[in-house]
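Enquirer: Annotations for this protein, taken from TrEMBL, read as follows:
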type     : residues : note
TRANSMEM : 6-24     : transmembrane segment
TRANSMEM : 36-58    : transmembrane segment
TRANSMEM : 78-100   : transmembrane segment
TRANSMEM : 112-133  : transmembrane segment
TRANSMEM : 153-175  : transmembrane segment
TRANSMEM : 187-207  : transmembrane segment
TRANSMEM : 213-239  : transmembrane segment
TRANSMEM : 246-264  : transmembrane segment
Amino acid sequence: MVLGGVAAIGAIFGNPFVTGFVLLEFAAMGALPAMILIPAFVALAAGYLVQVGVGPLTGLGTHSLAVDGLASYTQVRVIDLVGALAIAVAAAAVALLARGVGVRVVVLARRYAVVALVATAVITSALALLVRSSSDASIDAVMFSGQEGMAEILTLTSVSTVLLVVVAKLIAYGFALGSGFRGGPIFPAVFLGVATATVLTLVFPSLSLTAMVVVGIAASTAAALKLPFTSALLALLIVAGAGMDIAPFAIIGAVVGLIVRLALDRTGLLDVPSREPAHQP
């Protein structure tokens, strides 16, 4: 069952190595037995063969995580390195704000599970309609995982529109995390990283959008998951078409995102409240 789940996750990412890195980081943290790594790696390969096919046998097909519309990045600039630090902090902060919303919603969800689920659906729908009615963005920018909306967000040219999308997605993501109405925490965090980078490059157009998107993805994902190596690799693969000069930005984003998360963890603001002990008569 575990190996089947691993293969399924690999299919979602469209690349077995991202999932492999996730497993390695879990094992390094002691959350996964090391003895399962090799069988899981084989399961990832088998799952990928089902997608791509073998010889005359047609596979089920793969999907690309790549973000379209980004220019190639062929020379690292000092201004981009400086901007990367600011965008990494901002993207991490946005992802953690979403988590903070989720932590507050958990309290409601524990007492009123159905109410929390319904409230999340209503709030998410309302936010999506608000974004659609007051901007050029589609409802896909708020609803669902955000994977399909990443290319769209890059085409927006209004700072206020992108900011509205960021705030709406942040709230919707946070409610989904807290209520349990979710499919996974990764792609919404990736979307928030892309959107945050887009906002700041609209404000500071001298920065490279391509490099900043890589930073934003790595930082927001590392802050959300506390998996810096996986986050850096994921960011690199999503923007791989831009060239390998973006690699330092993926690392910067992942490291800064993790540092911001660890610093905030020390304050206890992101701790999920413990369940109240049962009443003793």
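Backbone N, Cα and C define each Cβ position, glycine as well.
Walk me through where these features lie, including what they touch and how far apart they are.
Expert: Listed as Cβ neighbours of the transmembrane segment (36-58) (distance under 8 Å, sequence separation of 6 or more from its ends, same chain) are residues 2-4, 6-8, 10-11, 14, 16, 19-20, 23-24, 27.
Tertiary neighbourhood of the transmembrane segment (112-133): same-chain residues 105, 139, 141-143, 164-165, 168, 171-172, 175-176, 178-181, selected by CB-CB distance under 8 Å and a gap of 6+ residues from either end.
Nonlocal intrachain contacts for the transmembrane segment (187-207), taken as residues 6+ away from its ends with a CB within less than 8 angstroms of a stretch CB, comprise 67, 79-80, 83, 86-87, 90-91, 94-95, 98, 145-147, 149-150, 153-154, 156-159, 162-163, 165-166, 169-170, 173, 176, 213, 215-221, 223-225, 234-235, 238, 253.
Long-range contacts of the transmembrane segment (213-239) within its own chain (CB-CB distance under 8 A, at least 6 residues past either end) are made by residues 13, 15, 17-18, 21-22, 24-25, 65-67, 70, 84, 87-96, 98-99, 154, 185-186, 189-190, 192-198, 246-247, 249-258, 260-262.
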Enquirer: Near the transmembrane segment (153-175), which same-chain residues lie under 8 Å Cβ to Cβ, leaving out any that are not at least 6 residues past its ends?
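Expert: Contacts with the transmembrane segment (153-175): 67, 69-70, 94, 97-102, 104-105, 119-120, 123-124, 127-128, 130-131, 134-137, 141-143, 146, 181, 188-189, 191-192, 194-196, 198-199, 202-203, 209, 213.
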